[in-house]
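Take a look at the structure set out below.
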Amino acid sequence: MKNVNVVVIGFGNVGRAFVKLVSLKRKTISEKYGVNISIVAVADSRGVAIKKEGFDEYEMLKMSELPRSGIYMFSPYARQGASIKEIYEEVEPDIHIELTPANYVSGEPGYTNILFALRKGVHVVTANKAPLVLHYNEIMNEARARGLVVKFRATVMGGTPFLEMLGSMKSHEVEKVEGILNATTNYILSEMHENLIDFDQALKKAQAIGVAEADPSLDIEGFDAAAKLCIVSNVVGKPIDLKSVYRESLSKITLKDVLDAIRQGQVLKYVATLDLQNKSAFVKIVRIPKENILAQVNGTLNAVRVKTEATELFFVGKGGGRIETAHSVLDDVLFISLEKVVKK
């Protein structure tokens, strides 16, 4: 049995979902793959819980029920405070999971945490987009120099293996990537079309069911979709800067706009486009004929069309809900555990 020690940094919705998922799946994973996923430390902005031999299934399940920023309450293993340096002095992880909030100004604290882990010889899995958007080359160069891997499947279309499939198309020249990359805004537009309600009503409904954050600006101002375009651009080897992505705010959309589109047999969608031939990237409100396949992607689903010199592919699947994202994080952990971690 291969024992893989994991630290989880960031314990919001995805962090709690991940810990719960491991508690439910660990026995099956060990039987199927011969890998024991051992979570030895979990930290958030207020504290850390550490158990060098790894938390058992019951402890992880109870931990997942803690409120946001509540890890310091997980007695007897928790304490307030603790830097990442102090955590690494107490445990020796094989995989570092970075689930801190995205900061598109500096990439912190995720960027520093990821570099720290790599410099300690630890593989990284991240669902935090910001460090990759702002410092992709620095992170990947550091990993390559040390024979380590950084996996980030959860950052784009979290409920699908889209980035893995895109990265595998090595003989293709990607010309264009376009699609619906943000679940929150797609849900809002779907509600406006289906129930003929205005933007504010649709947003409040999205917040009430947990699809939108209390502060939804990263979604409705296009930052989230633009960040995903930047990650896609790096995966296909033609990086773009976040500042170069034109963003149109969804907040200006009105019920009148929706009704006008419906009368003309169209649907409004918030579409992110990476046009590599024309060297442009943008996130815009687009009118699409209702027969178009993108027009039929509703609710929290994401969809993306990839055009290469040889073919055109279409991917559709769940966006970045906490459960879907947690599964993607666990898939990355398993890939590293099976392919890269060599200790027994």
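All positions are counted from 1 along the displayed chain.
Glycine too: its Cβ is placed from the backbone N, Cα and C atoms.
Remember, predicted model here, so these are calculated numbers, not experimental data.
Straight from TrEMBL, the features:
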ACT_SITE  LYS228  active site, proton donor
BINDING   GLY10, PHE11, GLY12, ASN13, VAL14, GLY15  NADP(+) binding site
BINDING   LYS129  NADPH binding site
BINDING   GLU213  L-homoserine binding site
DOMAIN    10-148  domain 'Aspartate/homoserine dehydrogenase NAD-binding'
DOMAIN    168-334  domain 'Homoserine dehydrogenase catalytic'
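Taking the Cα atom of each, LYS129 (NADPH binding site) and the residue listed as 'active site, proton donor' are about 8 angstrom apart. Same-chain residues with CB within 8 A of the center of the GLY10, PHE11, GLY12, ASN13, VAL14, GLY15 CB atoms, the NADP(+) site residues themselves not counted, are ARG16, ALA17, PHE18, ASP44, ARG68, LEU99, ARG322. GLY10 (NADP(+) binding site) is surrounded by 22 other CB atoms, counting those within 10 A of its CB over all protein chains shown. Taking CA atoms as the reference points, the residue listed as 'active site, proton donor' and VAL14 (NADP(+) binding site) are 18 Å apart.
The Cβ neighbour count for ASN13 (NADP(+) binding site), using a 10 Å radius and every protein chain shown, is 16.
Taking the recorded positions LYS129, LYS228 in turn, the residue surrounded by the fewest other Cβ atoms inside 10 Å of its Cβ turns out to be LYS129. Across the range of the domain 'Aspartate/homoserine dehydrogenase NAD-binding' (10-148), the DSSP-based residue counts are 64 helix, 24 strand, 51 coil. Distance from the CA of GLY10 (NADP(+) binding site) to the CA of GLU213 (L-homoserine binding site) is 17 Å.
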